Amino acid sequence: MSGYVGILVSDPWLQNQFTQVELRSLKTHFMSMRRENGKLTLGDLPSKMSRLKVVGESLTEDEREAFIQDLYQNMQDEVDFELFLRVYSKLQAHATDRRGSGAKSSSAFMKAATTTLLHTISESEKASYVEHINNYLKEDEFLKKYLPIDPSTNDLFEIAKDGVLLCKLINVAVPGTIDERAINTKRLLNPWERNENHTLCLNSAKAIGCTVVNIGTQDFIEGRRHLVLGVISQIIKIQLLADLNLKKTPQLVELVEDSKDVEELMSLPPEKILLRWMNFQLKKANYKKIVTNFSSDVKDAEAYAHLLNVLAPEHVDSSVFTVKSPLERAKLVLQHADRMGCKRYLTAKDIVEGSPNLNLAFVAHIFQHRNGLSTQTKEISFLETSPEDAQVSREERAFRFWINSLGNSTYIDNVFEDLRNGWVLLETLDKVSPGIVNWKLANKPPIKMPFKKVENCNQVVKLGKQLKFSLVNVAGNDIVQGNKKLILAYLWQLMRYHTLQLLKNLRFRSNGKEITDADILQWANTKVRNTGSKSRMDSFKDRSLSDGIFFLDLLSAVQPRAVNWSLVTRGVTDEEKKMNATYIISIARKLGCSIFLLPEDITEVNQKMILTLTASIMHWFLNQPVEERPSATSDNETGSQLDTTSNSTMDDSSSESSTECGSI
């Protein structure tokens, strides 16, 4: 994982206000805001600061404008980074004062959840997540000596410091994500082993869809509570929403009328599906209101009273419909949930205060426990997945998580739907090749006029051609229309370009020359050959790679202590191949490779994902200080391979990537 970057501010007061992680996050926002118009003035801040977590959500634009005008005479004054920090800090303090403790929204489930700059945490959320951990990990052989955790203490953050708890929690959320053979589980871990666990955790969290921008291993070691809780909340959310798709719960087709609606349902994020399910059940109870969120719309607990009555009428207490006090009604709702056998995840006070995270967790658990849908699944052709559809789904997943790992302003749930306005693609292009986007020609969401979306996507296509992507007969409207084949083809070329640029930017190795697929292939074969191994790959689609042995040899070559060979199988049967593939991915992530492939991509030898895996290992290795590399490696060996004549078509004038640690 990347270390911290020193962002110098001369003002001692500012130095005491923010950590390096926070400065780095705010610096990214500042540069993005300034880049959009070429400069940034005080008058620009009220609208542009809407994207900042605490200030943007707690104050309206008019409130931010009035506050800034009270502080400064001339709103046309240009803003540098230190002035930006002063304004933000004062607005943050003002927002905190306005809403009291501010704890309720300090660890939002997704999107900017882990970059919040308000250092309080919600005790209710902490208690709920601790209960969840105690319940789901109580039988774990390693952790049971530390469980149950007392929610009234900060023991959670102490136990999380060795990285094991979070790795195990990821596997509860998405089983099989981490090969537990790769987790360091000694009773006393040295700093190196602890750091490896945190690196494995962060890279694996990204690979299941968590947003962990601007978090480093040191944050876990130091027990930064708001950051640790932010990651935990996202992992738990992913677990609770795991069944909210047609593959896991085909009965969800009951929510729609025809096949066209099924397509729409399949493209929705799980939170939206959960809301649609809740309203579907409430309609049966003749509940007149539409629930649009898990906060203000459920604060009076009336929707919950009707929902539980529909799902479990045998447990209803009729007084829930006559009681006047929302708090008393919320208490009766929770008693009803208890009689159903549902875990609470929240208190009556959390309901009436509208805690969005805990209300979502509560409803998601109700859905898991008793969804009230028919056991008879409608015969829908969409639910039949062909091998080609499965491949498309895997690639969509990899590209989606890669894009989300870059720290764009919008978290995407589906590349075929969420990229259609072009904005996130423009942000991604700007991350991959900084400065390439003409933001003056870009249209920022929300975009109501279709031609504005086409304008954005036309620029996306134009920039792709500038980067020498193969885009024959591709137009911006193809992206707006959600053409799956063309979107995947574009994203693969963008991801590949990013991969090669990360390697090219290691100029001390490549002398500034382009890196080609052939260079990566040659480097990997040379590394493995120098260990004395006879394994090699002839190409990135070499079928012999399916047993995983070559990549285990490569990982062992770049870090001899990485692979425990007693855990490696011969890779003969399908099961042995999958075990090796899972181990490879976890070991690579443990070293520091940010990769998004699945074990099937190795066992089935997916050429694209095999290339990104190899390139990520190469990038990690070349980033290591020379003195820390295996003694068998010579400078000539690694240097000569990248000094080959390039036939790549990549643009040699592209700026260096701003991404510190390559997400490949």
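All positions are counted from 1 along the displayed chain.
Each Cβ is built from the backbone N, Cα and C atoms, and glycine gets one as well.
Note that TrEMBL annotation is computational and uncurated.
Feature annotation from TrEMBL assigns compositional bias 'Polar residues' to 631-642. Annotated compositional bias 'Low complexity' per TrEMBL: 643-664, in sequence order. Annotated domain 'Calponin-homology (CH)' per TrEMBL: 123-240, 268-371, 393-499, 514-622, in sequence order. For 628-664, the entry in TrEMBL reads region 'Disordered'.
If you look at the domain 'Calponin-homology (CH)' (514-622) against the domain 'Calponin-homology (CH)' (123-240), you find at least three C-beta pairs under 8 angstroms, all six or more positions apart, and that counts as contact.
Averaged over the domain 'Calponin-homology (CH)' (123-240), the predicted model reaches a pLDDT of 93. Secondary structure of the domain 'Calponin-homology (CH)' (393-499) per DSSP (helix as H, G, I; strand as E, B; remaining residues coil): 68 helix, 0 strand, 39 coil. Within the domain 'Calponin-homology (CH)' (268-371), the DSSP-based counts of helix, strand and coil residues read 70 helix, 0 strand, 34 coil. In terms of DSSP secondary structure, the domain 'Calponin-homology (CH)' (123-240) contains 76 helix, 0 strand, 42 coil.
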